[in-house]
Every structure is written in C-alpha cells, then in structure tokens.
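Asks: Pulled from Swiss-Prot, these are the listed features:
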| type | residues | note |
| --- | --- | --- |
| SIGNAL | 1-37 | signal peptide |
| DISULFID | CYS42-CYS172 | disulfide bond |
| DISULFID | CYS88-CYS222 | disulfide bond |
| DISULFID | CYS113-CYS210 | disulfide bond |
| CARBOHYD | ASN130 | N-linked glycosylation site |
| CARBOHYD | ASN182 | N-linked glycosylation site |
Amino acid sequence: MPARAPRRLVQGPRGTWLLGSLWVWVLCGLGMAGSLGTPQPCQAPQQWEGRQVLYQQSSGHNNRALVSYDGLNQRVRVLDERKALIPCKRLFEYILLYKEGVMFQIEQATKQCAKIPLVESWDPLDIPQNSTFEDQYSIGGPQEQILVQEWSDRRTARSYETWIGVYTAKDCYPVQETFIRNYTVVMSTRFFDVQLGIKDPSVFTPPSTCQAAQPEKMSDGCSL
C-alpha cells in the first residue's frame, strides 16, 4: 500500500481483505528515539502469517480469519474461520494481488470463484512515517506484559484522528488497527498469533476454478 499520509480508507478492497475474516489495532515495535526523545515509527514485518478479528460497524459482527501478508510482493490472502455454527453463512477465501490489480473470492465449500478488479492502491500494514506518537503502555498483568506503542494520523493537538495503530515495541508486530469516521469507530481489527514468514507461497495462487471466474462479488449469505 503506497507512500501516503497515514489516513487509511475503510472501503473497497482494503476493507475487503480485512473483512475476509476479516487492518483497528496493530502490533508494532518501539522506534528509535528522535532528537527530542520522541519515539519514531518502527518498521513492521513485511511478510507474516497470523489470525485476525475484524469488527465492522456496518454489520455489527466480528469476523475471524487466517491471514497471510506479503508486503514485499503486495499481496494478501484471507481465509474465513468458522468459530460457531451460523445458519446460511458462506465462508470464503480472498486472494488480493495488488500488483495485478485483482482480487479473487473463492467459496471454501464449492471452490466457486469471483474475479474482481482492485481499484485502490496498495496500502501497507505499517506505521506511516508522518504518524503522531500517542502513547506507550503494557498489555496484560504482572509477568505477562507486552509493551506496545500507539500511533495515529492526528496532525495537531486540536484535531481528531481517523486512524489509530497499535504495534509491539520490541518487533513492531501489528496488534490492532482502528478507523474512525465522524467520531465513531467504523472498523476495528485485532491481530494475534503472528509468525514471521510465509510457510507456503502457493496460498497466493488462485485455484483452477478461477479460470472461469464470475465478475461479480459473491454474497456471504444463502437463499432459503
């Protein structure tokens, strides 16, 4: 996702790959101190796999998913997780290939595939260099604490943020990412069980059924 001001959009493919489960907390690390002692944004890992829980105000639901994130090649794979029996709920796999400008949506049960253009540019899951440092604190209790830093796109003390990212201080892993619009949280994503690297790069290769993909996005519901 290209260099830009740290304002992230909550729509289109960006919202989709976070929605596939399922970037609004984010794990990040402690940056080096600046000339005035203020922490600087750290460099988040560019290739990792983990899990996420996405909350969207529009649906009022939490969506869980497995995530493979490849920032080097600008691609993301999201695999819906079933944690409860929800009547008429379809589970999907999402493969977003930003260099090719396309997203594949694959129904897990039937392998039915949809091929949808990506109209937004790549927006990496990281802390933009012009972000504002908000706070540093520990998550958890004694003997189980993890130090994190909180960043936002707030420009002055009198302005309000539209994006907040939380990253671990040690290795800059994403913990949470939050988007706000009109003083209301519209999307929030938590990241956990993060492991560095991509175990199987083939997860970014669409199945053969996508050779005859339909052009419209599939609904996650079903007809009764």
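Using the three backbone atoms N, Cα and C, a Cβ is placed for every residue, glycine included.
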Asks: Could you tally the C-beta atoms, other than its own, that fall within 10 angstroms of the C-beta of ASN130 (N-linked glycosylation site)?
Replies: 12
Asks: ASN130 (N-linked glycosylation site): which of the recorded positions CYS42, CYS113, CYS172, ASN182, CYS210 is the nearest Cα neighbour?
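Replies: For ASN130 (N-linked glycosylation site), the closest Cα among CYS42, CYS113, CYS172, ASN182, CYS210 is found at CYS42.
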Asks: Look up ASN130 (N-linked glycosylation site) in the DSSP assignment and report helix, strand or coil.
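Replies: ASN130 (N-linked glycosylation site) sits in coil per DSSP, no helix or strand.
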Asks: With every protein chain in view, what's the tally of Cβ atoms within 10 Å of the Cβ of CYS42 (disulfide bond), excluding that atom itself?
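Replies: The answer is 21 other Cβ atoms.
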Asks: According to DSSP, which of helix, strand or coil covers CYS210 (disulfide bond)?
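Replies: Going by the DSSP assignment, CYS210 (disulfide bond) falls within a helical segment, counted as helix.
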Asks: Please identify, among the recorded positions CYS113, ASN182, CYS210, the one with the smallest Cα-Cα distance to CYS172 (disulfide bond).
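Replies: Comparing Cα positions, the candidate nearest CYS172 (disulfide bond) turns out to be ASN182.
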Asks: Quick one: of CYS172, ASN182, CYS210, which of the recorded positions has the smallest count of other CB atoms within 10 A?
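Replies: Result for the recorded positions CYS172, ASN182, CYS210: minimum number of other Cβ atoms within 10 Å at ASN182.
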